[in-house]
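A.B. asks: Please read through the structure below; I'll follow up with questions.
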Amino acid sequence: MHWLEVVLLGVIQGLTEFLPVSSSGHLVLFQGLMGMEEPELLLDICLHVGTLAAVLWVFFAQILEAAKGFFRFCAAAPKGKAAMVQVWTTDQDARMALLIIIGTIPTGFIGMGFHKIADKLFASPVLAGAMLLITGALLWATRYVRTEGKLLPKVTWGNALTVGTIQGLAILPGISRSGSTICAALFLGVDREVAARYSFLLSIPAIVAALILEVADASAAAHPPVSMLLLGGIVSAFTGLAALKWLLAIVRKGSLWWFAPYCWLVGATVLVANFV
């Protein structure tokens, strides 16, 4: 693998991990264009570590507050159900922490179910193209979502389970994780900013779990030089940081649908190229 390919993959991962256009779908497509049979596992891990670092940087304060809230909820547990319910209803940081845990449960089950067939899924540009069309449709539909939604105290555990399920299904190449989860929250009536914040905080356990699985699989795999791995991770982190901040601004404006035509164009191009 050449240095330029590593930089390009870092840029693709950084942009598409956060912009609602599917990082997995684009990596499948670009790897096909570069003639790589399979992604090099350790490089893929470093690319995801880079984007994880971007999320941790942007949301560090919220992560810290959510952790404190979770411990307050745990401290209330010995006092009985009434005390736990009070924390759930009045402590927004504790509520966010619990919503993340609840949403992670279906994501984990779906991820484990797909883990054994992930290689086959990621080898299919046709599947990525078709799923990009679906991603585009979801993004376009956000044009019709009301401008003011429910704030965090009104977000329910059922909402969290739904968004977590959607996040699990986003393992399919071409389905944007950020796009599908933000869209799901918006369709459930959640406020734009809360939807975006919850989507990215919910991504952290999923990314960490996926990295753990990949590290276990990568122990005996060949890998590029360490310098290339570091380069890919750094490029991914800085590109991801810029993309994440841009997307948050776009979500606040209610302009997620801007990305729909791009998803349709790329998805249709892939399908035509594979069937014509």
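Quick reminder: no glycine exception, Cβ is built from N, Cα and C everywhere.
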A.B. asks: Among 155-175, 176-196, where does Swiss-Prot put the label transmembrane segment?
C.D. replies: 155-175
A.B. asks: For the transmembrane segment (231-251), could you work out the same-chain residues 6 or more beyond its ends whose Cβ comes under 8 Å from its Cβ atoms?
C.D. replies: 3, 6-7, 9-11, 13-15, 17-20, 43, 46-51, 53-55, 57-58, 178, 182, 192-193, 195-196, 200, 258
